[in-house]
Protein chains: 2
Amino acid sequence: MELPNRWLNDIVWDDHGLVPVIAQDAATGDVLMFAFMNREALALTAERGEAVYWSRSRRKLWHKGEESGHTQKVLEIRTDCDNDVVLLKIEQTGGIACHTGRKSCFFQRLGESGQWEAADPVLKDPKEIYG
Amino acid sequence: MELPNRWLNDIVWDDHGLVPVIAQDAATGDVLMFAFMNREALALTAERGEAVYWSRSRRKLWHKGEESGHTQKVLEIRTDCDNDVVLLKIEQTGGIACHTGRKSCFFQRLGESGQWEAADPVLKDPKEIYG
C-alpha cells in the first residue's frame, strides 16, 4: 500500500532516531519479541506488510526472517498515547519468533524460588533454523 | 514473598540503569502499557506483587495507580532471551491502564488512509480519574 508519510512524523523518535517496537501474535495475543525501528524500518514495514527492524548491534536494517525464514506478516500497526512506542500485530511464519527456536523471546519466567525458569519449549533446534 | 535478589543480577540494565517493561493483561492478552523500571522498582514489583515503575520524566519511583487507583496486580514476571526486557502479566484494576481513560495505551491504529486513528473507546473521563 502507498501511504503518505505524515504518520511517521507523528512518531516520537529517541535520541538515536529509534522507537521501541513490541511484536504481538495477532491470533493468540502472545508477546513474541521486542526490538527497535528507525524511520526507514517503520516505513518499509508498512510498505511491505512485513516487519523490518533496525539491528542496534549490527547497525543495519534487519528484515526479520531474512536468515531463519521466520518472517512476520504485519496485520496492524499501533502506537501508544505518547507516540513513542510501536505495537505490531503479526502473523509469525513458522510459529517461531525467538532465535532460541521458541515461539516467543519471553520464555523465561520468574519462579517461586526466585530464579528464572525456561517456561516454554524449544520448537526447533536453532542449528536447523540457521544451518 | 521474600526472594533472593540473584535474579535481579541476571537482568541487563541499560546505560541509565533501566530496563524496558511491557505490561500485558493476563486474561485477555492485551498489551496495556510500556514503561521502565530500575533495579529498585523491579525488586519492589516482585516483593509487593504490584507494578512499580521508574518515571523518567519525574525521576522517581512510580507506583502505578498511586493517583488513579488503577494499580496493576502482577501475576507473572518474564524476561526475554537477552535478559534486557521485562514482560509483566497483570490484572489491571479498573480495567484502565492509560491516562486517557482507555483500557490500553496502544489505542492508536494506523488506518488505510495513512493516519493514526483512535481505535479504542475512552472508558472513563480522565478528569474523573485524576480529579
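Numbers run from 1 along the shown chain.
Placement of Cβ uses the backbone N, Cα and C atoms for every residue, glycine included.
Listed in sequence order, the residues of the same chain lying 6 or more apart from A:D82 (Mg(2+) binding site) and placing their CB within less than 8 Å of its CB are A:V12. Under DSSP, A:D82 (Mg(2+) binding site) is assigned to coil, being neither helix nor strand in the three-state scheme. The Mg(2+) binding site annotation in TrEMBL covers A:D80, A:D82, A:D84.
Counting only same-chain residues at least 6 apart in sequence, those with a Cβ under 8 Å from the Cβ of A:C98 (Zn(2+) binding site) are A:L32, A:M33, A:S104, A:C105, A:F107. Following the DSSP three-state reduction, the secondary structure of A:C98 (Zn(2+) binding site) is coil. Marked as Zn(2+) binding site by TrEMBL: A:C81, A:C98, A:C105.
Per TrEMBL, domain 'Phosphoribosyl-AMP cyclohydrolase' is recorded for A:33-107.
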Report the same-chain neighbours of A:D80 (Mg(2+) binding site): residues 6+ apart in sequence with Cβ closer than 8 Å to its Cβ, ordered by sequence.
A:L87
Within 10 angstroms of the C-beta of A:C81 (Zn(2+) binding site), the count of other C-beta atoms across all shown chains comes to 17
Taking DSSP three-state, what's A:C105 (Zn(2+) binding site) in: helix, strand or coil?
coil
